[in-house]
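J.: Sharing a structure with you now.
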Amino acid sequence: MHDIRAIRENPAAFDAALALRNLPPVSPEILSLDADRRSRIAAAEAAQAEQNKASKEAGAAKGRGDEAEFQRLRALVTAKKDETARLQAEATALDAKLRELLLAVPNLPLDGVPPGKDEDDNVEIRRWGEPRAFDFAPREHFEIEGVRPGMDFETAAKLSGSRFVVLKGGVARVHRALAQFMLDLHTEEHGLAETWAPVLVLSEMMEGTGQLPKFGEDSYQTREGWWLIPTSEVTLTNTVNGDLVDHASLPRRMVAHSQCFRSEAGSAGRDTSGMLRQHQFEKVEMVSITDAESGVEEHARMTRCAEAVLERLGLPYRTIVLCGGDMGFGARITHDLEVWLPGQGKYREISSVSYCGDFQARRMNARYRPAGGGKPEFVHTLNGSGLAVGRTLIAVLENGQQADGSVKLPEVLHPYLGGRTRLGADGVLA
């Protein structure tokens, strides 16, 4: 959410930043509501003061036996009391309307975010690794002979419908190994604190990180009102919801491996084959809670943590910075990591690493005490995939596939597979 004071002070700059997202100006509507709300508050305070004055004068009139004046003042007290209540109710309604409007406005891009409308305008900033030269036509993951026995879409469709998968045997073991490897790397080498949290959360938590109220259709809600998390960003970031933390406790760097659930609204017809786009999937998510000065540096650090996973696995990738028109709702700047998928012959997103500034913190009312004292300030938040486990599995299978239908597995996974190094053409680890 945005700071209304900053919008009052420089509405032109606010609208100019939104223009980088290709959005029309909204400051006139915001400031009009704000002015109406403030005028009601001022009028309510004036009416309350008149009520207090009349009440005091009524007491004096009663004391000197002036019954007529007492009755007049008592009626005035009642009228001002009713007026105060009416104005306060109007101010409360306007405040709710203003908050609703502010909650629907996305975060402002950082200076330097490239302008653009969509993914075609994103800017590559680096790449790592050379795509492998195959001496045969590489297949997509679900076409590889050794993968087919362990990737069962037919049974999944019987159980749950489209965009689900049942993993079996060696493929399931590799999937599990990837998640364990990612957690070990992030906790033991990158210094992130492993966290396990619920996958069902309250609406306030989804609002805190920006999924609600605008993007409710993208997630699943239970009859009881809980939401299934679309990412552990929701739970990890909201661990400081409503808190006032000490500066010395920052940065807080967390990582979680969880199930994630997305309705994929608006994705009809996209990636319908294979397990690239699923309603239920696993992800290792990184979140940092930091102060106002460290956010940009922390963003670079988190990006490197995600890149390290791909490098250890030997997977070619490129890092891009998203243009204003392609950034997510809560981000000020986003780095996407795209891994090379030889079966598709192109790079596909496998991680998004975003710096959100104090945007989420204002929604959560999450603050910290500055080390030198002074007024509490809002924390700054960051989140990033480290990585999406299913998509990493796809990349490992496609990049490691062999002409005979087997898959050569990355060396860093061997200890997690009991020393096994390959997925055979029969789907058995060997």
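In case you wondered, yes, glycine gets a Cβ from its N, Cα and C as well.
Copying in the features that Swiss-Prot gives for the protein in this structure:
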type	residues	note
BINDING	Thr231, Ser232, Glu233, Glu285, Ser385	L-serine binding site
BINDING	Arg262, Ser263, Glu264, Glu349, Ile350, Ser351, Ser352	ATP binding site
REGION	47-66	region 'Disordered'
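Each of these features: where is it, how hidden is it, and who are its neighbours?
T.: Of all the Cβ atoms in the protein chains shown, 27 others lie within 10 Å of the Cβ of Ser385 (L-serine binding site).
Taking all protein chains in view, 20 other C-beta atoms sit within 10 angstroms of the C-beta of Ser352 (ATP binding site).
Proximity of distant same-chain residues to the region 'Disordered' (47-66), defined by a Cβ-Cβ separation under 8 Å and at least 6 residues beyond the stretch ends, is recorded for 73-74, 76-77, 80-81, 83-84, 87.
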